[in-house]
Amino acid sequence: MSNQHTLLISNLLPVGSNISTWWNFGSMLLTCLILQITTGFFLAIHYTANINLAFSSVTHIMRDVPYGWIMQNLHAIGASMFFICIYIHIARGLYYGLYMNKNVWLSGTTLLITLMATAFFGYVLPWGQMSFWAATVITNLLTAIPYLGTTITTWLWGGFSINDPTLTRFFALHFILPFAIISLSSIHIILLHNKGSNNPLGTNSDIDKIPFHPYHSYKDTLMTISLFILMFTILSFSPDLFNDPENFSKANPLVTPQHIKPEWYFLFAYGILRSIPNKLGGTLALLMSVTILMTAPFTHTSHMRPMTFRPLAQMAFWTLIATFITITWTASKPVEPPFIIISQMTSILYFLFFIMNPLLGWTENKIMMNN
């Protein structure tokens, strides 16, 4: 009976035999989420959401709380790992045409927006210089909304400037949103298993399926262990690798940092925002930088689902990756030549991918038909 039970469990989730390592990032994201919620809970126990005490409470966690430095650094490094995994996860989806499973793709994009909001609120909590000024700049973008902008901004701040009520509500939101992420992740996984996962060839894998366990479960375990090794290596040798030096100073509303910038994982969107010399235009471009992903399922024109056998689409895809990295780099630099023009050019190239993709699909279809 026990053998039959094991076989039953193994066959509950038949998976295509040819899915590659790029399909392991979903489980790695789940691992990151569990780690963030666990470390976040222990940090919340010792954190004080008050503008006079927040910075001191983070210092207290680092210095006085047993293993507090591990919790704090793991939480900070874990956030970066989370975004590295999610960007690879999205890139894999774009390359292999996984967006054709519309419900999964749209729920995933909603998850990304929720995750970015959560990370933004979390970045404000230490109440360092960069935390304060990044919050001031980003929340101030709401004033670009016609008619309602100023009212919404004042309501979000809880006053006429970023102050104690702002920090309190940002802490509340940072605490509650991960549970929304759990719910959305559950929906994402349920929708995925409704049709089943795709594979690198983009073909129907019903005729060639293997049990998830032990084959893919061991592969997942290997990648998760690799993730932990990388995280603990950074934690041990360079715990402040992803931190901004400016954030080691307490927030001072009277002194503006020379160069205001968010965490590295928001720099691509911030670079697009900064490349447009108009407040409303920049805000719309910032929103579009993420929401444009939602257009992918509706603009797919190629007869082939993945880019595996589409050389023109592959060139466009790798140009997008190079563009993403370049925008991230330029956004970390001051607003001066040559970074302004590079940022503007790469921003155009970023959006051009989503416009060119359907046109390249049509072109490739024509080439195939002629041959």
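Cβ atoms are placed via backbone N, Cα and C, with glycine included.
Per Swiss-Prot, these features apply:
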- His75, His174: heme b b562 binding site (BINDING)
- His89, His188: heme b b566 binding site (BINDING)
- His193: ubiquinone binding site (BINDING)
- 25-45: transmembrane segment (TRANSMEM)
- 69-90: transmembrane segment (TRANSMEM)
- 105-125: transmembrane segment (TRANSMEM)
- 170-190: transmembrane segment (TRANSMEM)
- 218-238: transmembrane segment (TRANSMEM)
- 280-300: transmembrane segment (TRANSMEM)
- 312-332: transmembrane segment (TRANSMEM)
- 339-358: transmembrane segment (TRANSMEM)
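On the structure: features taken from Swiss-Prot.
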residue: His75; record: heme b b562 binding site; DSSP class: helix
residue: His89; record: heme b b566 binding site; DSSP class: helix
residue: His174; record: heme b b562 binding site; DSSP class: helix
residue: His188; record: heme b b566 binding site; DSSP class: helix
residue: His193; record: ubiquinone binding site; DSSP class: helix
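By the Cβ criterion (distance under 8 Å, sequence gap of 6 or more), the transmembrane segment (69-90) is not counted as touching the transmembrane segment (339-358), fewer than 3 such pairs being found. Away from its own ends, the transmembrane segment (280-300) comes close to residues 90, 94, 97, 99-100, 102, 105-106, 109, 112-113, 116, 141, 144, 146, 268-270, 272-274, 347, 350-351, 354, 357-358, 361 of its chain (Cβ-Cβ under 8 Å, at least six residues beyond either end). Here the transmembrane segment (218-238) sits apart from the transmembrane segment (339-358); fewer than 3 CB pairs are under 8 Å, leaving out pairs fewer than 6 apart in sequence. Sorting the binding-site residues His75, His89, His174, His193 by the number of other Cβ atoms within 10 Å puts His174 first. The stretch in closest packing with the transmembrane segment (25-45), judged by the count of Cβ pairs under 8 Å and taken from 105-125, 170-190, 312-332, 339-358, is 170-190. Note on His188 (heme b b566 binding site): other Cβ atoms within 10 Å of its Cβ, all shown chains, come to 21.
Comparing His188 (heme b b566 binding site) with His75 (heme b b562 binding site), their Cα atoms are 24 Å apart once rounded. Taking the C-alpha positions, the distance from His89 (heme b b566 binding site) to His193 (ubiquinone binding site) comes to 17 Å. Distance from the CA of the residue listed as 'ubiquinone binding site' to the CA of His174 (heme b b562 binding site) is 29 Å.
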